[in-house]
Amino acid sequence: GLSWLGLGLVVLLIFGTLYPAYYSYKAVKSKDIKEYVKWMMYWIIFALFTTAETFTDIFLCWFPFYYELKIAFVAWLLSPYTKGSSLLYRKFVHPTLSSKEKEIDDCLVQAKDRSYDALVHFGKRGLNVAATAAVMAASKGQGALSERLRSFSMQDLSTIRGDSSSTVPPSVTVRTSSKQSHPKPSRSASEGTGSSATAGGVYWDSRDTHTCC
C-alpha cells in the first residue's frame with residue numbers, strides 16, 4: 001500500500017516531470033521545431049492527466065493496481081515507440097479544442113473581466129474594513145491612553161495632597177491665662193486703698209494694727 005504509493009509518486013515525479021522538463025529545455029536551446037512541438041504536445045496531455053488525477057486519486061485510489069496503471073500510462077506517453085502524447089493530442093485534444101476554441105476564449109475573457117471586477121470589489125471592501133479597524137484601534141488606544149494619563153494625574157494629585165497634609169504643622173492654639181485677661185491693678189491704687197497682699201494672697205487692712213495695739 002504505502003510503499004507502492006511512495007514509489008509511484010517518485011516514479012511520476014522523475015519520469016513524468018523532471019525528464020520531460022530537461023528535454024524540453026534541450027528542444028528550446030537547440031531550436032528544433034520538431035522536438036519543440038513534440039514536448040509541447042506532451043505537456044498539454046500531462047496537464048490534462050494531472051487535472052484528472054486530482055479526482056481519480058479520491059474516488060479510484062481503492063482500485064487494484066491503480067498506481068501501477070498511472071506509472072504505465074506516463075511511460076506510454078513518453079515512449080518514442082508508442083508516442084502516446086502525440087497520439088492523444090492529434091486524435092482527441094486538438095480536434096476538441098479547435099471546435100470549442102471560440103467559446104473557450106469568450107469564457108476566459110468573461111472570467112477574466114469578472115475576476116478583475118471581483119478583485120477590485122473585494123479589494124475595496126478589504127481596504128474599507130482595514131481602514132475602519134485601524135480607526136477603531138486608534139480611537140480605543142487613544143481612549144485607553146487618556147484613561148491611563150487621567151489615572152496617573154489623579155494618583156499624582158492624591159500623592160501631592162498627602163505630602164502637603166503631612167508637612168503642614170499642627171495649628172497652635174494660644175490661650176491667655178487669667179492673669180493676662182485681667183489687668184493688674186496699679187501700685188498707686190493699692191497704696192491709696194491702704195491694703196496690701198501677702199504672699200499667700202490674704203489681704204489685711206492697716207487700721208487693724210491700731211486696734212490690736
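Using N, Cα and C of the backbone, Cβ positions are placed for all residues, glycine too.
Automatic prediction, not curation, is the source of TrEMBL annotations.
The compositional bias 'Low complexity' annotation in TrEMBL covers 164-178 (among others).
Sequence annotations record features per position, and here TrEMBL assigns compositional bias 'Low complexity' to 188-201 (among others).
The feature region 'Disordered' is assigned by TrEMBL to 159-202.
Long-range contacts of the transmembrane segment (6-28) within the same chain: residues 35-36, 38-39, 42-43, 46, 67-68, 70-71, 74-75, 78, each at least 6 residues beyond the stretch ends and with a Cβ under 8 Å from a Cβ of the stretch. Residues or ranges marked as transmembrane segment by TrEMBL: 6-28 (among others).
Sequence-remote contacts of a segment are chain residues at least 6 beyond its ends whose Cβ falls under 8 Å from one of its Cβ atoms, and for the transmembrane segment (40-65) they are 16-17, 20, 24, 73-74, 77-78, 84-86, 88-90, 93. The transmembrane segment annotation in TrEMBL covers 40-65 (among others).
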